[in-house]
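Comments concern the structure below.
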Amino acid sequence: GQLLAKSWSSLFEGQAIAAPRGPIFSFNGRNVLTDPLWPHRLAWHGSTPRGGQARRRDCQGWRSSGPGEGLATPVGEGKLLAGQRHNCSEA
């Protein structure tokens, strides 16, 4: 019931989206907005600003024994696909 974006296209055009007001749960049931297990509160997506796959920036095939870089956006920043580079091993 929470508004994520004004329209589907606004997700990919870099327009501001609604900041989360309710909890966002991880697959193991933790609230990523408040749980200390999630210190950076990033939405990992590996996408270009227009919604395409960001090749070599999606952590696909990454293993902890090797380097890798992915794109993620801080949750609540307001632009879902405004990707910033992060090491794939970041929590």
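Just so you know, glycine gets a Cβ as well, placed from its N, Cα and C.
Copied over from TrEMBL:
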DOMAIN    2-90  domain 'Collagenase NC10/endostatin'
REGION    44-76  region 'Disordered'
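If you take every residue in the domain 'Collagenase NC10/endostatin' (2-90) and average the pLDDT, you get 76.
Residue counts for the region 'Disordered' (44-76) under DSSP, helix first, then strand, then coil, are 0 helix, 10 strand, 23 coil.
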